[in-house]
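Pulled from Swiss-Prot:
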BINDING   His78, Asp141, Asp198  Zn(2+) 1 binding site
ACT_SITE  Asp80  active site
BINDING   Asp141, Glu176, His380  Zn(2+) 2 binding site
ACT_SITE  Glu175  active site, proton acceptor
Amino acid sequence: MKDVLERFLGYIKVDTQSSEESDTVPTTKTQLEFAKKLGEELKAIGLKDVSVDESGYVMATLESNIDKKVPAIGFIAHMDTSPDLSGTNINPRIVEKYDGQDIVLNKEKNIVLKINEFPEILEYKGQDIVVTDGNTLLGADDKAGIAEIITAMEYLINHPEIKHGTIKVGFTPDEEVGKGADHFDVKKFGADLAYTLDGGGIGELECETFNAAKAKVIIEGRNVHPGSAKNKMTNAVLVANKFINTLPENEVPERTEGYEGFFHLLSVKSEVETAELNYIIRDFDRKKFEERKEQIKEVGKKINEEYNKEIVCVKVEDQYYNMKEKIDEVKYVVDIAYDAMKAIDIEPILVPIRGGTDGSRLSFMGLPTPNLFAGGHNFHGRFEFVPVLSMEKAAELVVKIAELYANR
């Protein structure tokens, strides 16, 4: 599985950031260009039925090499990188045989990956680790997943003695902006079940995601000359401040963990005349999720009552739901992944995803899709890193899962 590093380093050279602002599909042209390159690579290694549609979805098939019928399994990763930090001109560095000390990413800017801030890196002492130069994210989320899947497919093609059923490969655009499954054709894909490789550190096996919604809060103020503003001006900036401070201060990402939900204020655009707040709402428990949506609406309602006019408008839109309720219906998909990890000497770590994957939506579209580790850490930022061995083991895991299904 040594080719996985070379593939990964090649993929991250292509800037495939998605965009929250764009209405095109995919949201950026570079994703479509990257999709076409991946399509050509899949053809070159010998996959069949390779397609790249106008929306940027890549699909391909590795045909079964056994006579008996077993479930067709899919492996899925996303092509875009997060809009949270630049993915242009990524300049990776391989830290060989990591010595367990702080890693200076950028000496000139004094950007250091510190072990007291990111202690999980100590788990990889002695291993080769790919890091950034401190100016961009790395793109292991999720180009590591793509590299792992393609490397595994090539390995299976080159080792026909490993028996497997039909395998479907899928690469999606715009996962980072919540649109990865919008135009995914489950019927065309043709898998009975699937796995995304979009998780974090080695061993992660995830079948629970947040329930997710987004909220846009529009505040209409009224600007009047400050010299004569008494009882006339409505300062949207101050109303926005009131709205923000009315929500629970401890129910935010930086103060929650595990199964705890939160309100996350993504952005504020504000002046006296108008203000706009953009939130995401997350909770694992469906009942608490619904309560959170009502809670944020209630804040707007109370402010309107206080001002005795409709100055706050709160619009809430669901994004995806906790896939656990769908995965539980076909629990064996998790059991096989668990057994596959054990078989290749990986200790499975069953954890909830404090986020979402394409699998969240796909599971509710009829394709049960738990999530496997891709190996990276600290996604969406300059401190992102991925151990080389973790990528190699992820590729090995894909092969082992295919093998276990063939032997069921």
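Positions of Cβ are set from backbone N, Cα and C atoms, glycine also.
DSSP assigns His78 (Zn(2+) 1 binding site) to a strand segment in the three-state reduction.
Proximity to His380 (Zn(2+) 2 binding site), defined by a C-alpha to C-alpha distance within 10 angstroms, is shown by the following recorded positions from His78, Asp80, Asp141, Glu175, Asp198: Asp141. Take the CB of Glu176 (Zn(2+) 2 binding site) and look out to 10 A: across all protein chains shown you find 24 other CB atoms.
Note: the Cα of Asp198 (Zn(2+) 1 binding site) and the Cα of the residue listed as 'active site, proton acceptor' are spaced 10 Å from each other.
Its Cβ placed at the centre, Asp80 (active site) has 29 other Cβ atoms within 10 Å. With every protein chain in view, the residue among the binding-site residues Asp141, Asp198 whose Cβ has the most Cβ partners within 10 Å turns out to be Asp198. Recorded residues Asp141 (Zn(2+) 1 binding site) and Glu176 (Zn(2+) 2 binding site) have their alpha carbons 9 Å apart, per Cα-Cα distance. Of all the recorded positions given, namely His78, Glu175, His380, the one with the smallest number of surrounding CB atoms inside 10 A is His380.
Other than the site residues His78, Asp141, Asp198, same-chain residues with C-beta atoms no more than 8 angstroms from the centre of those residues' C-beta atoms, the Zn(2+) 1 site, are Ala77, Asp142, Gly145, Glu175, Glu176, Thr196, Leu197, Thr357, Asp358, Ala374, Phe379. Residue pair the residue listed as 'active site' / Glu176 (Zn(2+) 2 binding site) shows a Cα separation of 7 Å. DSSP classifies Asp198 (Zn(2+) 1 binding site) as strand under the three-state reduction. Calculated from their C-alpha atoms, the gap between the residue listed as 'active site, proton acceptor' and His78 (Zn(2+) 1 binding site) amounts to 6 Å. According to DSSP, His380 (Zn(2+) 2 binding site) is assigned to coil rather than to any helix or strand.
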